[in-house]
């Protein structure tokens, strides 16, 4: 009664309870069928009459009726009136679907009802025909049960199916998701929505059934039938899943075969499949020796379909047939008719092609005359593992560093400062700072249109909308303040789009609520009214920018200098490649800590802002200008940053300034911690680039002239984009092009501003250089390394291309580095081994390639201060932020070394004397690089080897070897970590990370669901890094060199190796186009397209034609 609010004055309540109890007792004595546990035999109609003789004046009876009906066996829970007060209720087991793109909560719920602890929903029942698993059973527990059953002597028949199901489920999501997510929740999600579930597909392939409760009725239906039903409503409860044993038939001498497949951006999970499949049946041998299949179940899912399906036409075609090339070809054609992705599905043709590849892989071991991919389906009772699968190779590495004793403890590999705090979770980041009293929280409202007037902002009627306290926008900027959210030497960027939103993703205002969750969900309820009247069409592409002459000016002093006479160089050339295009897309920063700030208003019109920023001094100026107060009234504090890569430089100011404005207006602390989606949509990333090159070269591979036309998409504001031409050309000049000319345009478009990101410009320029080298090598049919080395700089040409940075001849180490790398990596031997591998393997191909590095570094002026306190402890202040690069560690080492030089015998007595004599024990300096040390060059090289699956496009990075000149490393352990981390981030840019937008320029790769950075299963299986100690150099700080950015460039070696593997595949299948461009990034979908989407069909057609000719 209490739970239904069925008692008010309470005087009649005992009598009501007695009447209800009597009705329940009488019903249970009847001969009606036994109801589900937890319910009575009482019916709803009987419940409504249970207390017809009782009177109540207060309640109006409805809650009392609901209380009685809650015991009824045929009750509809939605009809009980619970939602009168709980307007929105969500029934969950673990609620992991809230992390799935497209299924995240869009609004608040009054109540969450967790049914995970209901014992009946987690029961495991072993039966003669199979095993029944409760729907609330966690996926990890399901895997454990299946593995136990697969190895159990009591159920030998189910071992093949159970083992493969367990193996496949272990690739779903992540361990911590599998530990909480239920198998039933996964199935329900796939039944109600077009959710790309691996679990549903493999269970469908295993001919599973499900048990449902619909009101008081219990139903058992096949999983296929359940998926075909209309989306389940709250009256339907999934109770359990039954997975049958599949026994080999000794009488018919048939054995069970079962295999599951998935094509996903990551091989070991935490990535949604582009397509998945499971195929089951029996294989038997005819008297003539031919193999035939029967009882086939072939399931396919995740290809852009409402739910997983069975390919029944394919099954019917294959059952009982001897598998010849023509039979398999007909099955492939039937499958192409069956797998039809919904309109708007990304990579639709790829998904169809991989479905064909899965079918081909399953059938080829049993077919006559077909050379399959070598993956054997699980047959009978034998255990099998894909030992030839490169994904199963263990990880290994070799790290070679040289410590220096010249300036101890500088040069020693001491552990990173505060690493214990980080490992224990005690390190305090901005969001870890305890919320001050009366703290409010903000979330951006951003535009979804690229160029439009903002006419009105309102909220949908919802629970989340009710939590909105206010909205802060441009109209709330104080008098004397400016609408500014970011600034650099080339110009400012507005904080809010007002009155015109200039690009999709631009901030329009900030929603303020009492918690971050309330603010985030309220932001999803926003409805913005736009008007495009009298506005020109937006400029979204670099081609449109060229048509509209929309550019940012590059100051003459920042524009790079051309080298030599291009016309003369072209006249010397034996061969020419004219106006060839190469494209590089953007890359998101993907720091682990998203943009965040905490602003606290203080006395006398001052404000304190804690910001996760790489440049707090510039954040201070932007905040002060926005609020219209002196710079001295703004204090910006940054203790540490949870990853930056350039994204916490100029792009962090918007968040810090917005939080400051809200706090300044409301006179209360305001915290903003962007969710990942908002961060990805608003913050920007690496510059997309389109380039066209014309190159002339000799027959021996020596290049005589190169001209480039480059279009850089800078987005809406200049930010640091005018620096890009110089850094791009710096990366590209690593080769001696003979003569080099270029025309570089920095395009202004209606997109999010692009900004600096680890090795900005150098990464793109260096890749373009490698694309040209490989194109020349392909045309001449020469080894690409031969062409590379033919065009390495001599010291004289190095000075010509890098006149201000080349340094002395003794510092030019690229030749020795490259030769050392070729030797230590056994390059020539491996290149021959790869040729042999490619000759012996039709469906897998390998490639190997190299990339040299010349990276110009320009140290910046920086302040520093050292203070010795009265107890002898030391405070050091530097003009830099710890973002994970080990800055504080190196500062500690330098401080100990420098003070040790001053006081080699210790400072105990000196300190006492200094205090007595009132000596100033604090000293500050502002270091400015001299002319000789204003720039210098870093050198390095990398060799990478990859293997691609021609059927799916999957890429396995087998090995990478790096040799890097770090000068005299200040800390070889820190530098080694920086080199490795930047190289892996580079792999993400060149291979994995697809940064996509819609037709309006709005980022749609806005979550981990669709944007895939490298993970532990996509890094090199063998990763060898050697950090060279190249000795003393007077013009660098203790002879050291930078390590954090340059190695990104070396990851181009992986992209080039993938190109070589694709070339081998195209050669295998008779493509005449062995010279081709491979854009950046090159994910598995693109690799498959470049290898051919119809290669299986063509292969089978050729075999069928040969078979027909032989029969004739």
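Keep in mind that glycine also has a Cβ here, set from the backbone N, Cα and C atoms.
Check TrEMBL against the ranges 381-410, 411-440, 441-470, 471-500 and you find region 'Disordered' recorded for 381-410. On the backbone, the CA of residue 758 (Mo-molybdopterin binding site) and the CA of residue 9 ([2Fe-2S] cluster binding site) stand 70 Å apart. Across the compositional bias 'Basic and acidic residues' (397-410), DSSP assigns 0 helix, 6 strand, 8 coil. Residue 58 ([2Fe-2S] cluster binding site) and residue 614 (Mo-molybdopterin binding site) have their C-alpha atoms 64 Å apart, to the nearest angstrom.
The Cβ of residue 758 (Mo-molybdopterin binding site) has 24 neighbouring Cβ atoms from other residues within 10 Å, across all protein chains displayed. For the Mo-molybdopterin site, whose annotated binding residues are 614, 645, 758, the maximal Cα to Cα separation is 13 Å. Other C-beta atoms found within 10 angstroms of the C-beta of residue 9 ([2Fe-2S] cluster binding site) number 10, with every protein chain shown included. The most crowded of the binding-site residues listed here (12, 56, 614) is 614, judged by how many other CB atoms sit within 10 Å of its own CB. Ranking the binding-site residues 9, 12, 56 by the distance of their Cα atoms from the Cα of residue 645 (Mo-molybdopterin binding site) places 9 first.
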